[in-house]
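Trainee: Can you read through this structure? Questions will come right after.
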Number of protein chains: 2
Amino acid sequence: MPDDFEQMWRDLAPVGRSASSGGYNRSPWDSAEVELRDWFVEACAVRGLTVETDGVGNQVAWWEGADPQAPGVLTGSHLDSVLEGGAYDGPLGVLSALAALDVLRARGVEPARPIGIGVFVEEEGSRFGRACLGSRLATGATTWDAARELRDRDGVFLPDAIDSAGLDPARGLMDLGRVGTFVELHVEQGRDLVDRGVAVGLASEIWPHGRWRFDFAGQANHAGTTRMEDRRDPMLTYAMTVLAANKQARLATQRATFGRIAVEPNGTNAVPSLVTAWLDARASSDDALATLVGEIERQAADRAGRDGTTLAVTAESVSGSVAFDADLAARLAGVGDWPVIATQAGHDAGILSGAGIPTAMVFVRNPTGVSHSPEEHAETADCLAGVEALADVLAELTADPA
Amino acid sequence: MPDDFEQMWRDLAPVGRSASSGGYNRSPWDSAEVELRDWFVEACAVRGLTVETDGVGNQVAWWEGADPQAPGVLTGSHLDSVLEGGAYDGPLGVLSALAALDVLRARGVEPARPIGIGVFVEEEGSRFGRACLGSRLATGATTWDAARELRDRDGVFLPDAIDSAGLDPARGLMDLGRVGTFVELHVEQGRDLVDRGVAVGLASEIWPHGRWRFDFAGQANHAGTTRMEDRRDPMLTYAMTVLAANKQARLATQRATFGRIAVEPNGTNAVPSLVTAWLDARASSDDALATLVGEIERQAADRAGRDGTTLAVTAESVSGSVAFDADLAARLAGVGDWPVIATQAGHDAGILSGAGIPTAMVFVRNPTGVSHSPEEHAETADCLAGVEALADVLAELTADPA
């Protein structure tokens, strides 16, 4: 008898967790994340399922059902985390998929078509800067020729990171040809379900979002002897841009964040020569996002002119608006009494939807809305409600033959 | 015959230099800085002088003169650099000391008292955050018991860094008992000499200055899903503080700089939980400095209240005003026609002066005023004028017996 949801959760809790901060560092292709994916292989084996791991680390295990040739229903999520992240973002979807399969079997359900449980690699983009890298590669949204040039913060090339995890991209990528429908369960990363007083909801859309690198260049100089009026200090331009981004996002009820920065030479007694910072921006439409980023860039460039610095902006990844499949949503609306809400977070579900696969998402209530943080949380009762909801969804979607 | 100034300069030019940026990284107790200090031992040996290296890496070589028991005149500077620094800050004073000794010998001068050439370690504080650490230890301004707890950015403790360079603090510290007078030659780090149209000047005083660590703490959260009004984002508090510091310093004709920052978790799609930044502040009087820093701290704390963040400020090192010895300055005023200027930069000369040793500084013109930067520069003719000036000063100060 496989471990139940709560036991699986306890088993994974220590993996990649910082004892001091309580935060998770499950960086793709590093030891904690490799351990999690090995655990996934075991968890599937206990359930009589065989995991296929592709050349970059995406994984899928199929319960074949009555007709292995019929279009399958894939569910699952990811196991990597952001730096100092929480326990739920990703793993909740994978564990719930396994637990939902157990629920179906306990109910005596024999699916008419295959159910797959999948794990996508480097969903967060925390190491190589490209969110949903595994699903982007599997769908062809990103090519291997482009991805192979990516480097992490330590200068390690993506192929070397993958090789260090015992994988070989030459072995090919996950075959999505069997996937007729994708359903991803995920902890909610806002408070819509809290406000509505329910444990489970469905996703309507993902806001368009992206990452832009801002390089502010000035002139290194002595912090003590250089008169303030003689400086070309890019930290000033950066600081004003942070405040401008926040103000623009607030005014438009959108999102703009500078959470990552690298400074050269980063010495206490030197005016910096270069400040590189990454803008994460999200808005309710593609046009609104372009306007938001354009306005932040315009204000930054104006200030650079006054500071004697220069600005270069590079779009590192931009994901357009995703509206999840309307027919699928209508069908699921009959399964449970679930509200339908938008999310500002990117997900592998967005990538698969973009590749033309009918896709849905199930959200589980997060009492504080906090995410990408050690404080990210969901109550066990809500997690178990999520498992039941996912089982109901899978039963509905696999009840009929093709 | 020892190498002349220009040959010595060419020999040292490649050591610790980044081929890509042109900047110098001569971090104390690391390979480039160890190579420089080995070079110094050789350069002294060629001149018949024996270098004494103390337990932490301070070095001195004495030319005994007619009366080895008489109070000596020490000259020299340091060989370490800031991160991505220039070639002149420090090494110019050491090479000029060696070249000035050659000038005195070429002139047939036989000093009545000892002349020492010294090198102090970790002057910039670029590795362990305490400027003038070598001279502070030698004078007792900093105790070994306090210093041994210091750690660099990689977590290496000071004793381990010193040990890795083959040194042993148990061997004791430089004996300053022989030093009756200290003269440090240094590249100017501003443009006073340019404005005055002269190659060489003397220092009147060092502005009080210090380093304060600002820890801005907030709440890590998802950069996409967290509403702007639900955030506690310490990057906003930091950004406003950068602009406030700049404004206060401009208004008061003082200096305030945020050049170094560390962010946690420093991920593109996470609101930071912690922004740590270092304020470098300098002012023309101790009171003015306290007022400047107090005002920056007050504005930062106000903003923290509005951002829902918290602020903790820690003074990491504060150096009071240094007025160089008036009698010594009056005596040197008769040696050359040199202007007397203030500096906002800290120097080992300030530490020795604070320990009661009559001290003077000789500055060499810097055509752009740029310092702590790969663009730091002095024309060769000006450097040679500095060598002659230093030789004149040493001749004057060692002409008479005690």
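Cβ atoms are placed via backbone N, Cα and C, with glycine included.
Just so you know, TrEMBL annotations are computer predictions that nobody has curated.
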Trainee: Need a hand: TrEMBL gives B:HIS78, B:ASP89 for Zn(2+) 1, which of B:HIS186, B:HIS209 is also on that list?
Mentor: B:HIS186
Trainee: With B:ASP89, B:GLU124 listed by TrEMBL as Zn(2+) 2-binding, which of these, B:HIS347, B:HIS372, is given for the same site?
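Mentor: TrEMBL lists B:ASP89, B:GLU124 binding Zn(2+) 2, and from B:HIS347, B:HIS372 it also lists B:HIS372.
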Trainee: For B:ASP89 (Zn(2+) 1 binding site), which of the listed binding-site residues (B:ASN269, B:ARG282, B:HIS372) have their CA atom within 10 A of its CA?
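Mentor: Near B:ASP89 (Zn(2+) 1 binding site), where near means Cα within 10 Å, the binding-site residues are B:HIS372.
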Trainee: I need the nearest neighbour of B:HIS78 (Zn(2+) 1 binding site) among the binding-site residues B:ASN269, B:ARG282, B:HIS372, using C-alpha distances.
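Mentor: Comparing Cα positions, the candidate nearest B:HIS78 (Zn(2+) 1 binding site) turns out to be B:HIS372.
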Trainee: Compared by Cα position, which of the binding-site residues B:GLU124, B:HIS186, B:HIS372 is the closest one to B:ARG211 (allantoate binding site)?
Mentor: B:GLU124
Trainee: If you count other CB atoms within 10 A of each CB, which of B:HIS78, B:HIS186, B:ARG211, B:ARG282, B:HIS372 wins among these binding-site residues?
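Mentor: That would be B:HIS372, with the highest Cβ count within 10 Å.
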Trainee: In whole Å, how far is B:HIS186 (Zn(2+) 1 binding site) from B:HIS372 (Zn(2+) 2 binding site) when you measure between their Cα atoms?
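Mentor: The Cα atom of B:HIS372 (Zn(2+) 2 binding site) is 13 Å away from the Cα atom of B:HIS186 (Zn(2+) 1 binding site).
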Trainee: Let me check the 10 A CB neighbour count of B:GLU124 (Zn(2+) 2 binding site). How many other CB atoms are there?
Mentor: 27
Trainee: Please state whether DSSP places B:ASN269 (allantoate binding site) in a helix, a strand or coil.
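Mentor: In the DSSP reduction, B:ASN269 (allantoate binding site) maps to coil.
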Trainee: Below 8 Å Cβ to Cβ and six or more residues apart, same chain only. Which residues does that give for B:ASN269 (allantoate binding site)?
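Mentor: Result: B:HIS222, B:ALA223, B:GLY224.
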Trainee: With a radius of 8 angstroms around the mean position of the C-beta atoms of B:HIS78, B:ASP89, B:HIS186, what other residues of the same chain does the Zn(2+) 1 site pick up?
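Mentor: Once B:HIS78, B:ASP89, B:HIS186 are set aside, the remaining close residues are B:SER77, B:TYR88, B:GLY90, B:PRO91, B:LEU92, B:GLY93, B:GLU123, B:GLU184, B:VAL187, B:HIS347.
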